[in-house]
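According to TrEMBL, the protein carries these features:
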{"type": "DOMAIN", "residues": "15-39", "note": "domain 'HTH psq-type'"}
{"type": "TRANSMEM", "residues": "58-80", "note": "transmembrane segment"}
Amino acid sequence: MGKHYTIEFKLQVLQPILNEKMSIREAARFYNIPSNALVGTWLKRFSDALFEQMISTFINTSFILGAIVFGLALPGLLFYRQKPVV
């Protein structure tokens, strides 16, 4: 069975790659990871997750702004505003 790396370690490895200070190959060698492909997989998964988060945030923001502009009710926001402050 292969070695398991913590999410913290993976992010530590990806940081210099994302900051364009190291290539995937250099980072793998520096952190003693036996496979460049493994680091490449981590980078792809991180990039995909980041992209999905950005799209989700954009859609949610667009939905809320559209509702405000067109005067549409947002039940979640109405509940939040009507909730008594204790």
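All positions are counted from 1 along the displayed chain.
In case you wondered, yes, glycine gets a Cβ from its N, Cα and C as well.
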Spatial neighbours of the domain 'HTH psq-type' (15-39) far in sequence, C-beta under 8 Å, 6+ residues away: 5, 9
Average model confidence [pLDDT] within the domain 'HTH psq-type' (15-39): 96
The domain 'HTH psq-type' (15-39), counted residue by residue under DSSP: helix, strand, coil: 15 helix, 0 strand, 10 coil
